[in-house]
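Asks: One structure follows; several queries about it will come next.
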Amino acid sequence: MAEHKEESESVVESMMEKISDKIHGHDDSSSSSDSDDEKSKASEAMKEMKKKVYRLFGRETPVHSCFGGGKPADLILWRNKKLSASVLGGATLVWILFEVLEYRLLTLMAHCFIMILAGLYIYSKALTFVHKSTPNIPEVSIPEDLTVKIARSLSYEINNAFAVLRQIGLGHDLKKFLMVLGGLWFVSILGSSCSFLTLFYILFVLLYTLPVLYEKYEDKVDAYAEKASIEAKKYYAIANEKYLSKIPKGPLKEKKFD
């Protein structure tokens, strides 16, 4: 009798489990559309939150896209560590040659050409001496399209800089005027403390280190930058209210064309 009771209880339990599984399956199938809607709404909310997140310099694209994408961005962001390290090592070697060892550019170029031409001449003579064909030296030339693109990009950036300086000179933007003055003052301090090559090398090292560090710690840097931006705007508003707004400004006369 006891065994019969245990068997009946096990059968009842198995039936209850099957019924609960069917109920849960039905609930899952009926709520699948609701869960899909909730997921889509959550993804839209996440996208809106990402748009509202403060990004340094107001960027809306990834760091890789800000540097133009492709191989230059891969080089700066250390996607190929061997290539990036070799470029940085070459720049360091050039800086050591010209700054530490006080080598001259014209002397270095002359010595390099002497070594290359002497090596090729001796190699060619050695091949003819053993009755072999002369070496196939590839032709080196600068592509015309590349030089035109570089010239256009440089001219575009220089013209934009001239346009900004013109607007500042006309007194249209006091904030840009103060920023440019501060930047030029900082550059003058750097120029008095180090040479142009050292300054160029420092900027090169910063270009090769800061972007990759920013990409690694992007969220933390953006959070601190947002706080700093809020504080800077607060202090600028106070200075503008107390001092800058009291500076007299002449009326801007519009040009009339007949």
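Including glycine, each Cβ sits where the backbone N, Cα and C put it.
Taken from TrEMBL, the feature region 'Disordered' applies to 21-44. Positions annotated as domain 'Reticulon' by TrEMBL: 72-258. Annotation comment: TrEMBL describes 83-98, 104-123, 177-210 as transmembrane segment.
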Asks: Can you work out the mean pLDDT of the predicted model over the domain 'Reticulon' (72-258)?
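Replies: It averages 83.
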Asks: For the transmembrane segment (104-123), what are the same-chain contacts with Cβ under 8 Å, counting residues 6+ beyond its ends?
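Replies: The answer is 97-98, 135, 137.
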